[in-house]
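Sequence annotations record features per position, and here Swiss-Prot assigns active site, for beta-ketoacyl synthase activity to CYS552, HIS687, HIS731. Summarising the annotation, Swiss-Prot assigns active site, proton acceptor to HIS1321. According to Swiss-Prot, the active site, proton donor annotation covers ASP1511, on the basis of sequence analysis. Marked as compositional bias 'Low complexity' by Swiss-Prot: 1619-1636, 1760-1776. For SER1672, the entry in Swiss-Prot reads O-(pantetheine 4'-phosphoryl)serine, with the evidence type sequence analysis. Residues annotated as region 'Malonyl-CoA:ACP transacylase (MAT) domain' in Swiss-Prot: 913-1213. Residues annotated as region 'C-terminal hotdog fold' in Swiss-Prot: 1442-1599. Sequence annotations record features per position, and here Swiss-Prot assigns region 'Disordered' to 1612-1636, 1735-1776. The annotation region 'Thioesterase' is assigned in Swiss-Prot to 1798-2039 on the grounds of sequence analysis.
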Amino acid sequence: MVVEERKQTIVFGDLTCDSVAGLRTLVTVKDNPLLISFFERVTTGLREEIGLLPFSQRQRFIRFTTFEELLARVQRSTCPHPALEKALACTYQLACFIRQYTSPGHKYPSTQQTCLVGLCTGLLSAAAVGCCQSITDLLPLATHTVLIAFRAGLFVADVRDRLEPQTGAPLAWSVLIPGLDGDTASLTLQKYNEEKGLPATSAPYISTYANTGVTLSGLPSALNDLLDSSCLPKNRALTIPIYAPYHASHLYGQKDIESILRKASATEFASYQCQFSILSSITGQSIQVDTFGALIDYALNAILREPLRLDRIVSSLGEALLSDSPIRGCTIFPIATVIGQSLAAALRKHGAPDITVDPCMNSSIAVRDDRTSTTGHLGHSKLAIIGYSGRFPDANNNEELWQLLHEGRDVASITPSNRWDVKTHVDPTLKKKNTMGTPYGCWLKEPGLFDAKFFALSPREAPQVDPAQRLALMTAYEAMEFAGLVPDSTPSSQSDRIGVFYGTTSNDWGETNSSQNVDTYYIPGSCRAFIPGRQNFFYKFSGPSYSVDTACSSGLAALHLACNSLLKGDIDTAICGGTNVLTNPDITAGLDRGHFLSRTGNCKTFDDDADGYCRGEGVCTMVIKRLEDAKADNDPIIAVILGAYTNHSAEAESITRPHIGAQKAIFEKVLTSAGVDPYSVGYVEMHGTGTQAGDAREMKSVLSVFAPETERPRTDAERLFLGSAKANVGHGESVSGPIALIKSLMMLERNEIPPHCGIKTKINSGFPTDLMDRNVHIAKQPIPWERPEGGVRRIMINNFSAAGGNSSVLIEDAPVFEPKSKEAEPRSTHVVAVSAKSSTALIANIKSLLSYMNATKPELPSLSYTTTARRTHHPFRVMVSGPDLPEIHALLENKLASPTVQNRARAAQRAAFAFTGQGSQYIGMGESLLNFSTFRSDIERFNGIAETLGFPSFLPLLESGNGDISELPPLVVQVGTVCTQIAMARLWRSWGIEPCAVVGHSLGEYAALNIAGVLSEADTIFLAGKRAQLLQEDISANTHAMLAIGTSVEETRSLCDGLEYDIACINTPKETVLSGTNKQIDRILDILSSTSLKKTRLRVPFAFHSSQMEPVLEKFKAAARGVKFYEPKVPVISPLFGEVLTSKEPFGPEYLARHCRETVNFATALESAKADGVISSALWVEIGAHPIVSGLLRNNLDSTLKTVPTLQRNKDTWKVLTSSLSTLYESGVDIRWSEYHRDFIPGLSVLRLPSYNWDLKEYWMQYVNDWSLYKGDAQFLKGTPGLSTTCVHKLVEEKKDGNKITVVGEVDVLRDDVDPFVRGHRVNNLPLVTPSVYAEMALVIGEYLRKQQTKLSGTLVDLQHMDVQRPFATKSKGKGPQLLQCHVVLDCETFQGSVEFWSVTPEGKKLVRHALASITFPDAKAAQEEVQQRAQGIMKEMDDMAARLNTDDRVQKFTGKTGYNLVSSLASYDPEYMGVSSVLLDSGRLEAVATVKFNNPRTDGVYHVNPYLIDNLGQPALFVMNANDQADLSKEVFVNHGWKSLHFYKPLSIQKTYRSHVRMSGPDADGLYGGDMVVFEDKEVVAVYKGIKAQGVPRRLMDYIVHMRDDTKAGAPAGGTLNASQSAAANPAADPSAQADSDNWQAALKIISEESGVPIAELSPEAAFDDLGVDSLLALLCASRFREELGLHYESSIFLDHPTIKELEAFWKQGAPETGAVTVSGRDAVLNSMFTEAEAEVDQDKNSSDEDRSSLGTSSYEVISPNTTETTPEITKTSSPKISATSLLLQGNPALPSTVKTLFLLPDGSGSCSSYAGLPRIHPSIAVVGVNCPFMKTPESYTCGIDEVTQMYITEIRRRQPHGPYALGGWSVGGIFSYHIAQQLAAQGEQVSELILIDCPVPKGLDHLPRRYYEYCDTIGLLGDVNGVKRDPPPWLISHFEACVNSLHTYHATPFRPNNAPRTQIIWACDAIDKHCEPKFDRRPDDPEGLKFLTSTRTDFGPCGWETLLPEEDMTLDRMTGANHFSMMKGEFAKRLSEMIEGFLMIGN
């Protein structure tokens, strides 16, 4: 009896199943280790596969680390990559199988009773399952199969994109037509394809045959056209989610299969034997192959080349079940397919009995409810250290550290004075409070040196930043250079996968140094969390940022955290290290008093007299990756970390004592986890602090593990050495572990154990005495330590902390790699790059590299690789190329000598592509480029497409260097040329060179259209081939010719008048190409032979662009009808139309036919592109076999235009390429060097080049006055000792710092005793502090200091070089104090002092420096004797002048009153200032004698010299200059400009009468007059004024200043609104002659200096504004000040257009822009002062409450500098003490008479008016003011509603314009603000005449926007794009957007009252933000309407809801075609926007 058996059929599905959803269910299974292992293997494999891809392919994949992350991101993606789809489908099928057959009770299927079926992708899974007999066998093969599926999908995606580019969401490539049989479908398709003339690559085809219908596949556009026709029943078609072409024999060949499998290359699996019956999806029969390799080949053929025959599978299965076999029943197990039931039904229909379907393998059923919380297994990767750098005690770099270690030096020394003063802080008795007993430490050489510009820190911020933080930045950069780490260049170097970990255990800088003057940057500068945080911010790392404090083990604990993050998969790269910079004496005092520290010097580690540790400094950084990632990235692996761990000595008797058991436990834990024998560790770097207890305990714990006495001793091959770096460089505390690790790394690198220098006397007696017996050693001299053959050396680094923690790290040698083959390097020429952020650094970097090359003679390919692909590149850059090192060396030396080395490359230059036409081809023209796999694979694929289309192979054109090209058919040449050009362009693009425009000459336009995205690759090849084919078939070759002539079209027509010819090409205005028959061309040549014109007959078989083409045009048009044309992704410069094309409408069959026949007007096309700005400043890359078009480009555009070729005939390809790359690189193009080198990596290595040469400057805030010693003392809490006079009310500071004494005196100028001095002296009715008050303050403090210093006994105070820079105008009384401070710093060695006068806030914050001076202390007696000797002569001159009064007409006498009337135009005086009673004046000699007697003298007050006296005694000098006979006060008046010296020999009395004599001379070169004045009391000299300076001021300027007088200004109310006249005074009328020139360039430079905070001395020509911190906001500020102070109308974009000082200066001096406000010569300091005095009134109540602007480099008080003209900068605020809005003048000037309207623009969601900076000038009569949100940079404070914030806006608007009519507007939500403001102003009775709403939503409760929207905008560059350069947005930007939306969320606008509603203009953008972007924005069904407003294409351009708020009849509606919400504010769209606004505002004007 025959036993009937059941057959089981396992059916693996295809891509139609949702594999991701199934996998997301399976990954929740945590109790199946084999399944988890499979997912981990797949994840690792896919990451590696993607990482090996070219960048152009890699960037299209989502990034992931875990399998769960991969699934989540694929599920969210709207367009998953076919390679991932296919891989995940295969993964899902195999995972379901693994899950089922690892479940209890399930064995691997029986080979006899099981049949496997694979549908498409499922055939791969069936092959893997069928070649195994257990799950254990299956795991590696399953992973390999998934990767084959990935590669197949990658290949399919490539073919898909070549056939039809993806332009949005993916479209289906397959449709199911139920009920249609195969034969009918085949005939239908054949007929349809012929009728449409579709190329073979575009024609739909049958991909699946089933009993119930067929599946058709093809291009989505072709399928849609097919279904739209009447050929097929569209209503029955079902779309299948297949998004690429499969089962297409016309698209894939066997070579493609081989290519896929060649890349799979796992030969160990190929021989696996097939164990199961697997049905063919082609024949339905069992596949007759034996091995896995053959099965996979068959499967790929079935997937790619053969249709899926479901009908045959059903038939075959049915026959098997109906056969005589004992198997009578069948169970179908479907996996990842829904075909189970239909297959069962079909089998039953065939008569098969007992068919069941068991869905148990589907994931949802397989998982059921047996999920557990068991976690999955984590990987145990080894970790690679790939880079390190540091600053160490007495060693500024790694090499210096090794040198001192090698020499065994102890670098402990006395504490440097810049840390603290050992004389005051060290007290061995410790009796003095807060002192320490040790003066020793191990110190960094120059901890304050830092390159602030490199890291974009302002000179103000840099000193406040902790030196540890600064040095961490620099060492991190150096370590990354060491490692060759370029963020975002590889999968493991992605910025969001890099974490930063630093150990730091104190805040010394913040506690001691920067806390002495807490400022804006105190927190980010001093808090240790910012040490790693600053790294993340500057380097843009988005991974974790940890600051670790575990006391002394902090650095290694940070490394432990970093290792865990790497092993867990949280990050892929770790930057880790430690810092310790000692500036706080308290910590040292505390450690010393806690008995930690040695009093005798350094750590005496292992010494018997060890008495504590010595504190040490250091900053170290290392770069770590997982070992497999480091290998994959070709990183320089220095050592491998086998394990790291941290524990705690919880059982110790004291928290500060180490515990032997805990230390032993940590060693054992690390060794066990790493699987390492303790005896294999050859060196232990011990903690070794040098304490008796600590050293002994550590030694015991180390020996107990690594050399226990109870076990066998170590052999000689196992010798163990011990040591500690602390004996050399002290105990670095938080950096001690990293220093020890770096020492260990260098030991491995240098094969040496350095000597231990800690034993000063004898070894610690507490150590075991049998160390030698145990073979344990302490090196006393350098010991060679070579790596054993075939083995590794291992080192344990131990670190413990005073807080009880222990951290240990185990490292070993890096893996030994096989010697790399040098034969693989085909490149004959190589590039070497050097770059820097400044010219000085660049020069230093070049010199360093030259020295390195001389010393090491590196391999040139690796040198090229390291300097390009493994370096971050900066704006100052050079590149050279050559075949060998000597040539590279010589070229670099030439660069050093070239002046261009100072030049900065322009940022992110654009390149345009020009495609060569006919005539440049030659055999073998692309042969060398085939070495690039990207180029080679493109060529192979294009050749396959050409052959598929029926064209011959064009490979002979490229591959052979022999033969004549004329022997090749035109079809081969033309198709080969087009394909080669496309491949070349794609090669350039793979290197990061994306075209900004394309142009093709003749045949070259086909490749240009493909690269522009207009044509797919398949269609391009079809069109080029079809055209050439038609030419070959329908036109006779060589019957016509083409002739190039060196002349214009017009001259050609004149010379060839009456002849027949066609103008084929107009290449340039002087180069023309003719076409015609041979006879016609011969005739033309005869005529031209008598001319000198250049003429060349072209070697072409046809006369293109002539009548010869006409026979093929209709056929060509017909053939092109089946081609699809797309929107250009880049502008196409069309020689046919002579214009730039940016839409697809012009393209089509007609265009191509005309292109073939009509003239190539290359010259006009380029002229149009230039006029349209498409190619402005672009570089050109010529794509072709030989540079022909380059010359045309230069002749048409600019002879200096930079063009680079790709190839050049008869020239080495590598030489051409490297030269071109060098030109692009030096021009500022960012090249993707990793892609350039990718194919040659096996022969390349990362060299250890010299580190970057920093531009170092000292930034240090000195700890002063020893205040740590007095903290808490009563004396410490007291104020400064008292000193009080009338003009110095108190001393606010008195301190001594070394040899310097600082004294600061303060006066309240509004106090009753001082106020009269100020109000009694007025300029244009403004009370100004006179120089006499400054002088009195300085004299008082000088006298105070003189009396303090015994050495100054017998001296007098001499006040010298008084220079009043900015006037000090007083405010109204009753407004609180108005404080002026005098700062005197005296050098006690020279006894010379500097003096500065500052206005300050009541809190003491400096506002403006008003004057400078100096003081000296000459011997009083000697000085008086010297002047008294001259007194007799002076008195004789005075008597002689009196005698000449009646005889010399030039001598005259007048009363003081007359004199004051003469100078009244300068100033007005109270009677107290009018003390000159008479003047005797000699006009010829400019000499005067004056009598000074005071009116109504005040006798109260305490003075050194009464200010009235000082002023009155100096007045006669002005009388001399303004009252002499030559003076013409109608033209010029003279003002006082200070003096060189002023001193008094005795006290003066205001009740006495004095005589003075003065004689002036001049002018000098600066136009100054000078002289000395001597003051007499009777015959005694009592005072001398030396070097009095006076300068003339043009009267017109004085009149202008007088006209600006505003008597109400000084008393303006605190509310602060100005009336119209005030506004005019603040913004003077324009001087039409104002223009940019050399004079006001200095003024501009001063403005830039003040706004950036960078001293003028540092504004070197090469200084880049980016590096100076001139961002968009600062650029606006500078431009606003240029406009208002210099009258120069420059836009803020000049800082982008001219990015360096040098470029801006050159532009500045070229000519004059529009002018606005008047300017005064920047060279004239006195004129500046006079000009400013008229504007100097500033309400100090307002300013004292202003936000500190010093971060911008200037105070809101600042008005004028001594060398430039400056008015108060226009970043003004309301006077409210609360936060207030600010505004900037963006265009025009409201004060100009020609200004008829001021438009106020409110900020958008960014809060910044910089959004409007790109608007070109609207109209000369319109001023534009941009308003900034008060919460712009502090969005966390933006919690108020719209009413509150708009009130702040209104206050600022009314400050500028008190009354209407107003013009308001705004973009985006700025329009909402402007609407609400308009309503509020109308409610206040003001008129709003115009309202402009720019793409603004109706305010009916704004929707909250999802975070993904902001992230998307940032990703595509909308938030940080500057001139096409993607930059990171400011950190506050997105937060402000969100805060703004929160504020407006509840605002529902009410309608405007109709009778006072403004005229309204509404301007709409038309396009969605992602119209031209990839990827598209992730739109979701639940998106709020507000999001749709921003992201959707507009269709309604009406009022769109605004008509409910404003009268529609008063609206003007405009739209911006082609622009989206963001782009409408930029570029050409911004120009159109300005024009629209102008048209609206100028109605009626």
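Please read every residue number as a count from 1 along the shown chain.
Positions of Cβ are set from backbone N, Cα and C atoms, glycine also.
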HIS687 (active site, for beta-ketoacyl synthase activity) in three-state DSSP notation: coil
Cβ packing number for CYS552 (active site, for beta-ketoacyl synthase activity), 10 Å threshold: 29
CYS552 (active site, for beta-ketoacyl synthase activity) and HIS687 (active site, for beta-ketoacyl synthase activity), Cα-Cα, nearest whole angstrom: 10
Distant-in-sequence Cβ neighbours of HIS1321 (active site, proton acceptor), under 8 Å, six or more positions away: PRO1327, LEU1328, THR1330, ALA1467, TYR1469, ASP1470, TYR1473, ASP1511
Three-state secondary structure, which DSSP defines for HIS731 (active site, for beta-ketoacyl synthase activity): strand
Rounded mean pLDDT for the residues that make up the region 'Thioesterase' (1798-2039): 85
CYS552 (active site, for beta-ketoacyl synthase activity) to HIS731 (active site, for beta-ketoacyl synthase activity) - Cα separation in whole Å: 8
Cβ packing number for HIS687 (active site, for beta-ketoacyl synthase activity), 10 Å threshold: 31
Distant-in-sequence Cβ neighbours of HIS731 (active site, for beta-ketoacyl synthase activity), under 8 Å, six or more positions away: CYS552, CYS603, TYR613, CYS614, ARG615, GLY616, THR689, GLY690
